[in-house]
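Peer 1: Residues or ranges marked as domain 'Cation-transporting P-type ATPase N-terminal' in TrEMBL: 100-180. Taken from TrEMBL, the feature transmembrane segment applies to 152-180, 192-211, 345-366, 393-422, 820-838, 844-864, 957-975, 987-1007.
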């Protein structure tokens, strides 16, 4: 007889599960565990008995006397592998994806699903490692499979697809074949083999660079997808990564959040979700008990609530969709597009020169005007072997094709990619995560930054510093004993019910953990710590009927509640002080009585609000009213008039350290800073003065500098454009006002950067040239609408982005100047030499080495320069300004002329000057040409400054590349004679080459003394 146990797969029920049936299922599950335990014990004891018998039979030894009993601990670690009774992964996934009410009803509703998943709707899951591991084993982790990234080999093949590379390889293979046929394998492989090796070296270096950048961009994409989620575990709210969310989790949702997984609505108010990312429908879907299904990847557009997670990762439609999306870098930035056009233009010039060189060299060869190393004519008509003719023609074609390779500045797109990747990596370390590549370079052209106040210019660490009841200020250490009992209870209800924050205490003596927005946290801290309020008490005594969530336009939130066993309905409002005051007709005094809010009293309270605002305080007011239900009708509308003012709070949010210096830095860089805030005009003006955005002598009557959103909104489009330049501060603004400001600035020709953190900021972030969202307080909707995420919500980091944006453009210009110098010199020297002598002084291998220096290594050296303070003393770079400026032409032309002059002199007079043969002369030309590029690389570091060595010790990569280039050049000349077609040089010849190349430094210094224009001087005068 054998006993076997097997787990039965849950089957979808056709009848709803009631509470009794659920209890029976859970009881059955416990019984199953007990039977497994009993089975293990029986098996274990039978095994012991069997072993004892075998021991006695085989050894015939007397067993030692043992203890009267032995306690055996049976491990039950695999109990956690038991699936949840009544549900499985596929069932829950299908239910939410299809929004199947039938399946939900069969399971007994949302609360029953929570019970089946062993999750408390109030306290959440336990969160211990064993429980989390069990849930991941049964339902999977909240991660999706990523498409396989491109391998290194694919980048190699991409590099080999280049037309010029293919032509070179064909020529090299032909040259290799003819060489081996003529001279044998031992000597004949050098010419063709050298070109093949050089080509593959260029290809490998390019592939390695592109592969590394691809991996870096992939890592940044992974970083941007790691979202913070607020969940309830063991009764405590806590933040964790979206990847750590498991099935059964209770997730807190608020406006702007991304739904982290598929799930069911538990409770909440006014919750609306944008499902366009999944369904394509733009209408916002209302989620409540009647429609409880929530899809992963969708966004909360309004309200707040709690959800029960039912499916994660690949079990969700979002996971399936994301697993098919590749995060490769296919975006072409505007600068890359402009450089590609420039590359095409230069390539055409190079192609023309190459065709001319090819034609001239072929004509000279077939007319007998070329000679070999011994001085004999190379072509002797029919006397010349066909193999010799083919070999010579192939070498001529290879030389012409190599000129094209050198002429086409392939390093320009590479330099852009390198500098963008480098800047993105460094910006990440400096708290700025780039989501859109083009924003890096566009930020360098920014002329105006429209910034929020709270959390960006300020620390977002609010604290209640003033408390007023009516016209009377309460002392700083005001306690509940100073307030009438009825007033204290009303304030407790106002704070505890009209909030999305939370207070958690593990026990009565522990320090409370307060969560929520900075404003909510400040108010809750004041209520709990200063007034000793129990915030949970009102929630137990009252039933919430209706909620109006905080609205950035109305600047207030309200709640309609009914006390248990009472017919009276209470309405509480909280929000901007002057707006709440306008809704009130009475006010409370400290004794708990109410007084009429007549004209004089209203004026006095308005002065209190104004005085608090002048101290840079955010003013929050509480108001209350009650309505008696008539004839059993349920009151659902929140009254907005005839309220009674409960009290006023003044919240201090200090400015961030260094923000004034950052604003001054922007002003010196020619970038205007405008503050856009929801606070009243007095608070906004005080903060703007403190941050240096506004001069203290600018009065409130100056409509041009300080304006309210409603005033700006009421202006015509023409009036807004006319006034926009002079506006410095916009108070009581709505997201629409911010959008109108961006549009007006862009009409005036400004390049606008905008910061935003709310869901309603999305239109302005998208409309701006550069959208900057906040990483801490910013909603997921705002982040997805932005180009760059400021991880620390700090305005100083915005200035860092501005600095790096300018650095990107500046680095590209440095590399462009360096490469064009090489291009001009290489093209001219080869063309003139080919026309005059029928031979090019630089062979295909040598030109490929030069191409490697100026493309990949040059890009690495110059594209990784870090930003300097000098960049912030220049005006913004206009988007329509030419890539090659007058300044660059001034630096480029003298160097190119010098190199061409020197190389042509060596070409025609080198043998007589140095008394050397043809091979040594060609080697000196090659060596001098390469050394000129090395010295000129130093010149390219500074476009304007004469001191080209300033800060060079900070760029270790630059110094390393220069060192590697010099060592490789030494090896090429001294040890790779046949490969590089060179001759060894003596000390004197090396000194001559270095001395000639070093003249690049004094030439660069002298020509930088020539002023280009008075633009820079004029700008500095304006800035100061």
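Cβ atoms are placed via backbone N, Cα and C, with glycine included.
Relative to the rest of the structure, where do these features sit?
Peer 2: Applying DSSP to the domain 'Cation-transporting P-type ATPase N-terminal' (100-180) sorts its residues as follows: 51 helix, 3 strand, 27 coil.
Among residues of the same chain six or more beyond the transmembrane segment (345-366), those with a C-beta under 8 A of the stretch's C-beta atoms are 378-379, 392-393, 396-397, 399-401, 403-404, 406-409, 820, 823, 827, 830-831, 834-835, 838-840.
For the transmembrane segment (957-975), same-chain residues at least 6 beyond its ends with a Cβ under 8 Å from one of its own Cβ atoms are 849, 853, 857, 860-862, 864-865, 923, 926-927, 930-931, 934, 937, 941, 982, 984-985.
Within the same chain, residues 890-891, 894-895, 898, 902, 914, 916, 920, 924, 927-928, 931-932, 934-936, 938-939, 946, 948 sit at least 6 positions outside the transmembrane segment (987-1007) and bring their C-beta atoms closer than 8 Å to a C-beta of that stretch.
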Peer 1: Using a Cβ-Cβ cut-off of under 8 Å, list the residues of the same chain that are 6+ residues beyond the ends of the transmembrane segment (820-838) and lie near it.
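Peer 2: Result: 346, 349-350, 353, 356-357, 360-361, 364-365, 369-370, 399, 403, 406-407, 409, 847, 850, 854, 884, 892, 895-896, 899-900, 903-904, 907-908, 925, 929, 932-933, 936.
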Peer 1: When the pLDDT values for the domain 'Cation-transporting P-type ATPase N-terminal' (100-180) are averaged, what is the result?
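Peer 2: Over the domain 'Cation-transporting P-type ATPase N-terminal' (100-180), the predicted model scores a mean pLDDT of 83.
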